[in-house]
Amino acid sequence: MEIILAEPRGFCAGVKRAVDILAITLEKYKNERQVYVLHEIVHNKYIVEDFKKQGVVFVSSIEEIEDNEGILIFSAHGVSKNIEDEAKRKGIQVIDATCPLVNKVHKEAKRYENSGKELILIGHENHPEVKGIRGRVNNPITLVQTLQDVYDLKVKDPDNLSYVTQTTLSIDDTRDIIAALKLRFPGITGPDLKDICYATQNRQNAVKKLAEIVDMVLVVGSKNSSNSNRLLDLCTARGKRAYLIDNYSCVNKSWFQGVEKIGITAGASAPDILVDELIDYLKVNLSVKISVMPGGITENVQFKIPNLV
């Protein structure tokens with residue numbers, strides 16, 4: 001049996017930066033100040049549980065923080081302006097781990113609003129990134145999730161529209177919706193394609209290639225990870241059996257009956273250790289050889305850690 005690894009897979013630069021910021025902050029203030037994180041630092045169960053064991057307190061709102069001497073970290077998904085202002089009012093020291101690519105969307109949305117545009121956001125309802133983007137502008141943003149949403153859209157001025165997109169959606173994810181928007185509203189403007197999240201597109205391109213050369217795909221990632229679920233969807237859409245797993249303990253050995261080639265990928269918020277443990281498990285339980293898929297992309301993107309850390 002052969003294991004073929006997707007390339008790239010796992011951590012993107014924005015997730016690595018956020019996790020590094022939290023780890024460095026925790027080390028710096030250990031036993032001195034309580035470290036809080038608003039929501040999950042990234043959408044991965046292993047990462048969150050590991051930091052909880054080290055003493056990090058994850059909160060769902062700033063009201064839960066009674067210790068104003070603590071340090072609050074904003075997650076990689078970003079927050080609204082109101083949340084930022086609330087932390088300042090309470091006098092809480094904040095370290096912002098928002099992904100720079102998410103910050104870029106915040107700035108784009110504000111720029112469009114300042115130029116008088118009515119805004120449309122392509123994204124998923126209730127995703128923390130979407131909440132943050134909506135909270136970065138003063139006027140309401142209309143959320144579009146499906147083609148039907150585009151057809152049902154009611155706007156004030158069809159000639160004065162702009163759109164932005166959630167970063168964890170790739171060009172492929174948004175292509176049809178953007179095309180439908182442009183068909184209905186030919187004057188609509190939006191960000192350059194090069195502004196999309198490189199990591200989302202790269203991982204999706206890789207898993208599509210992987211699905212062509214294997215019998216089954218294991219996607220390492222958490223159930224609440226948007227990009228991990230999309231990797232799963234891309235495999236099943238190509239007629240390949242695929243499973244989204246938090247770690248090796250979720251594997252069912254019956255999955256491998258009649259399988260010769262197993263593909264493995266990981267969502268952008270899944271750490272390498274989870275893939276490594278999965279490979280070790282498969283080595284122990286199956287006779288396997290391991291290779292990396294041909295034609296993959298090596299990512300060299302790095303984001304700076306803020307000086308405050």
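Heads up, the Cβ atoms here are built off N, Cα and C, so glycines get one too.
Given the structure is predicted, the values throughout are model-derived calculations rather than measurements.
Annotation source Swiss-Prot lists [4Fe-4S] cluster binding site at Cys12, Cys99, Cys197, citing sequence analysis. Cys197 ([4Fe-4S] cluster binding site) carries neither a helix nor a strand DSSP state and counts as coil. Summarising the environment of Cys197 ([4Fe-4S] cluster binding site), the number of other Cβ atoms within 10 Å of its Cβ, over all protein chains shown, is 25.
Sequence-distant neighbours of Ser226 ((2E)-4-hydroxy-3-methylbut-2-enyl diphosphate binding site): residues of the same chain at least 6 apart with a C-beta under 8 Å from its C-beta are His43, His124, His127, Gln166, Thr168, Leu169. The secondary structure of Ser226 ((2E)-4-hydroxy-3-methylbut-2-enyl diphosphate binding site), as reduced to three states from DSSP, is helical. As annotated by Swiss-Prot, (2E)-4-hydroxy-3-methylbut-2-enyl diphosphate binding site applies to His43, His77, His127, Thr167, Ser225, Ser226, Asn227, Ser269.
Per Swiss-Prot, dimethylallyl diphosphate binding site is recorded for His43, His77, His127, Ser225, Ser226, Asn227, Ser269.
According to Swiss-Prot, the active site, proton donor annotation covers Glu129. Glu129 (active site, proton donor) falls within a helical segment according to DSSP.
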Notebook entry, point to check: With the dimethylallyl diphosphate site defined by His43, His77, His127, Ser225, Ser226, Asn227, Ser269, which remaining residues of that chain have Cβ atoms positioned within 8 Å of the Cβ centroid?
Noted result: Val42, Glu129, Thr168, Asn224, Ser228, Gly267, Ala268
Note to self: Long-range neighbours only, meaning 6 or more apart in sequence with Cβ under 8 Å: which ones does Cys12 ([4Fe-4S] cluster binding site) have?
What the structure shows: Cys197, Tyr198, Ala199, Thr200, Arg203, Ala268, Ser269, Glu299, Val301
Notebook entry, point to check: What whole-number distance in angstrom separates the two most remote CA atoms of the (2E)-4-hydroxy-3-methylbut-2-enyl diphosphate-binding residues His43, His77, His127, Thr167, Ser225, Ser226, Asn227, Ser269?
Noted result: 15
Item checked: For Asn227 ((2E)-4-hydroxy-3-methylbut-2-enyl diphosphate binding site), nearby residues of its own chain (Cβ under 8 Å, 6 or more apart in sequence) -> Thr168, Ala199, Thr200, Arg203, Gly221, Gly267, Ala268, Ser269
Margin query: Which binding-site residues are spatial neighbours of Glu129 (active site, proton donor) here, meaning Cα within 10 Å, out of His77, Thr167, Ser225?
Written below: His77, Thr167
